[in-house]
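The block underneath contains the structure these notes are about, expressed in structure tokens.
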Amino acid sequence: MLRVRYAHERGKSHPAIHWLRGYHSFSFADYYSPQHIHFSHLRVINEDIIAPQHGFDMHPHQDMEILTYILSGTIEHQDSMGNHTQLHAGEFQIMSAGSGVHHAEINPSSEHDVHLYQIWILPKSKGIAPRYEQGCFADTEGATLILSPEAKDGAFYIHQDMSLWRWQLSLEQSAVKTIPLLPTRRYWLQLVKGQLRVNDVLLNTSDGLAITHENVLQIELIQNSEFLLFDLV
């Protein structure tokens with residue numbers, strides 16, 4: 001079964017936060033939709049555009065796996081574990097809040113927005129030691145493993161029974177792609193950019209797709225596309 005989460009139907013950040021254009025696939029902050037609380041262990045998928053010299057001041061998190069993916073621009077990260085660094089376009093960051101962590105995320109640019117996805121994943125156990133990783137992955141055609149409970153093939157470790165793959169497909173090399181699935185697992189596809197059909201369902205940039213009880217995804221590209229595919233219990 002396929003259920004589309006259209007980009008234009010997502011929740012939006014509060015208009016009083018003038019420096020933020022945020023779009024929420026699931027209930028978050030002032031946005032509440034009883035039909036969109038979570039999907040499996042996915043609790044938050046936020047697409048944020050943050051204005052120059054603004055961002056989120058130091059604030060707490062606990063018992064959450066937090067993934068950030070920078071699409072354009074730069075974000076400056078600082079946390080209570082002693083990390084103080086910048087993430088640039090194409091970089092990923094994973095942080096286990098665990099027993100408790102404070103962090104801040106600020107756009108240091110005086111000119112350019114930062115465009116990012118932030119994704120919260122419920123961990124399989126509470127109270128773990130906080131941790132932090134960041135890095136880039138190969139910008140190649142096809143699938144790249146980003147998160148894995150075994151941290152295999154260079155992926156970041158995730159404290160949950162799930163994996164995350166980034167798919168980058170071009171019309172020149174992969175106009176049609178078949179991705180086998182396990183019907184006992186649940187999957188979420190988030191289209192970062194492009195346009196494609198998934199089992200004859202049309203998706204545009206920023207659309208999401210909840211996938212259950214399916215054996216295969218038949219991907220037909222309409223434009224060069226990038227998507228995140230979450231493999232969930």
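Any Cβ shown, glycine's included, is placed from N, Cα and C.
Taken from Swiss-Prot, the feature divalent metal cation binding site covers His59, His61, His103, Glu105, and the record attributes it to similarity to another entry. Using a 10 Å Cβ-Cβ cutoff, His59 (divalent metal cation binding site) registers 10 neighbours. A strand conformation is recorded for His59 (divalent metal cation binding site) in the three-state DSSP classification.
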Neighbourhood of His103 (divalent metal cation binding site) by C-beta distance under 8 A, where only residues 6 or more apart in the same chain count: Met58, His59, His61, His77, Gln78, Asp79, Ser80, Met95
Sorted by sequence, non-His59, His61, His103, Glu105 residues with Cβ within 8 Å of centre, divalent metal cation: Phe56, Met58, Pro60, Ile66, Asp79, Val101, His102, Ala104
Entry from the binding-site residues list His61, Glu105 having the most other CB atoms no farther than 10 A: Glu105
